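J.: Submitted below is the structure of interest, expressed as C-alpha cells.
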Amino acid sequence: MGQLVSFFQEIPNIIQEAINIALIAVSLIAILKGLVNLWKSGLFQLLVFLILAGRSCSFKIGRSTELQNITINMLKVFEDHPISCTVNKTLYYIRESENATWCVEIAALDMSVLLSPHDPRVMGNLSNCVHPDIKHRSELLGLLEWILRALKYDFLNYPPLLCEKVTSSVNETRIQINVSDSAGSHDFKETMLQRLAILFGTKLMFDKTPKQFIVIRNQTWVNQCKSNHVNTLHLMMANAGHAVKLRRLQGVFTWTITDAAGNDMPGGYCLERWMLVTSDLKCFGNTALAKCNLNHDSEFCDMLKLFEFNKKAIESLNDNTKNKVNLLTHSINALISDNLLMKNRLKELLDTPYCNYTKFWYVNHTITGEHSLPRCWMVKNNSYLNESEFRNDWILESDHLLSEMLNKEYFDRQGKTPITLVDICFWSTLFFTTTLFLHLVGFPTHRHIQGEPCPLPHKLNSNGGCRCGRYPELKKPTTWHRKH
C-alpha cells in the first residue's frame, strides 16, 4: 500500500519529466527538418553559386591573402634611459642613452686584470674609481651605480670590489668583481651570474665555464651590437625598487553549518526563547545561517557566532576540565563581545538606538511560512522602539523577502520546466514552419543555356556568355535551373 501511495505521489514529477523530454525531442526534430528544408529549397546552393562562381574562371583560393608582420621598436620612447645589448652572449654593453658615444662593457674572465695589493678596494663610494679627466664623468658614475644596484650588490656582506688605480697615465675605468667560491659563499658565483641573466634578459653563455671574475669598464661606442627596447625594460625593472608588502586584516573566527562533531545539521538551529526569542521556540534553517556566512552585518549573526563558539568549545573538551573551559570561554566571549558592547554603549550615551541582544524582529510570510533574517529590535531610553519608528526598515525587509521568494520560485520552475527550453521549442517550431514554406516555393540555383548541359563552375550572363570573359557571348537564350 505504501508503494502505491509513493507511486501516485511521483506521478506529477514523471509527467513533468516527460514534458521536458517531449519539448527537447520536438526542438531537435524541428531544427533538423528546418535545415533539410533549407537545403532542399536551394537557398544554400544559390548563395554558394553567387559567391564563388562569378569571381573568376578558376577556383583559386587565397589570391588576396598574404603573410605580413610588424616589428615594434620603442627605443625612441626610452631614448633617455640606459640601453643594453649583447655580443654572442659573452660580452654585454650598456649605453647611458640612445645618443651616447660611450658605453660600459661587462665581461667574464678566467684571470684577474686587477690585483688586490696594487689596486684599491671599493667599500661603497665609486667616485675614486673614475678618472677626473674622463668626459661624462658624472654620467659614467651614475651608470656604474645603476649596474651595481641592479645586481643587488651588497658592499657589506659581499667580497669587496677592486677598481683601476687612478693615475695620470691611466684614463680608463675598470671595476672587477671576484665571483669565485673562495671569495664569497659557495653559491656566490651562481647568484651573481643569475642576476646578470635577469638584468640582460638572456641565458649567460659562461655560467658553466670556469670564469672567476666579472670586469666592468668604459668603452667607446662603435655599434658593437644592436639594442632593443626589451633589454631597456629589463634594466628598468631591475632598478624599480622593492615592492611594499601590505597586510590585510583577516577574519578571526569562521564557522560552518555543522555541529561540534563535524556532522551536517540540515535542520538548522532552534533557538529557545530564553536565548534569543522572547515569545516562544523559533527554528531558523540553513538559509539564515548561509546569509550570516555571506554577509556578517547583523546582531543576530553575532549571537549565532557566539552561540556556535561556546557550544564547540564546551563539547570538544573533557568533562574533567569543565571549570577551566568555562573560565576560558567567558574570557574569549568577553574579548569577542567587547567591540559590540562598546559600540552599543556609545550609542546609548549618544542617545541613539542601540541593541541589547535580547529582542529581535523579523518579517514572516503567513502563507508560506518563510521569514527574513532576524534583526535586533533597537532600544532607546531603556524602552524598545515603536514599530512606526523603524517602519522603513521592516518594509524594506519585506520587499527583500518577497524578492527572495520570487527568485526561489523562478529557480524551482526552471528546475522543472526551464523557460529557455520552452523558448527553444517555440523558435525551432517557427523555424521549421518558415523553412517548409521556402522548400515549397524553391530557389533557382544557377543559369543554363536552353538545351545545353550545366555550365558550372562558370557563371553565365543574360547573353549566354561566360561572365568572367573566358568564353565569348553566344547570344543564346538562358534560363534559371534549380538542379544540375
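Note: Cβ is positioned from N, Cα and C throughout, glycine not excepted.
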J.: To which residue among ASN99, ASN364 does Swiss-Prot attach the annotation N-linked glycosylation site?
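T.: Going through ASN99, ASN364 one by one, Swiss-Prot annotates ASN364 as N-linked glycosylation site.
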J.: With respect to Swiss-Prot, which of the residues ASN171, ASN386 bears the note N-linked glycosylation site?
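T.: Checking Swiss-Prot against ASN171, ASN386, the N-linked glycosylation site entry points to ASN386.
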J.: Please name the cysteine among CYS129, CYS163, CYS225 that Swiss-Prot pairs with CYS85 through a disulfide bond.
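T.: Recorded disulfide partner of CYS85 in Swiss-Prot: CYS225.
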J.: On a C-alpha basis, identify the one among ASN88, ASN178, CYS376 that is nearest to ASN125 (N-linked glycosylation site); the candidates are the recorded positions.
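T.: Nearest listed residue in space: ASN178.
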J.: Tell me, by DSSP, whether CYS301 (disulfide bond) is helix, strand or coil?
T.: helix
J.: Looking at the recorded positions listed here (ASN88, ASN218, CYS225, CYS301, ASN386), whose Cα lies nearest to that of CYS376 (disulfide bond)?
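T.: The answer is CYS301.
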J.: So of ASN88, ASN178, which of the glycosylation sites has the fewest other Cβ atoms within 10 Å around its own Cβ?
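T.: It is ASN88 that, of the glycosylation sites ASN88, ASN178, has the fewest other Cβ atoms within 10 Å.
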J.: Check the DSSP secondary structure of ASN88 (N-linked glycosylation site), expressed as helix, strand or coil.
T.: coil
J.: Please tell me which one of the recorded positions listed here (CYS225, CYS301, CYS355, ASN364, ASN386) sits closest to ASN218 (N-linked glycosylation site), measuring Cα to Cα?
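T.: Nearest in space to ASN218 (N-linked glycosylation site), counting only the recorded positions, is CYS225.
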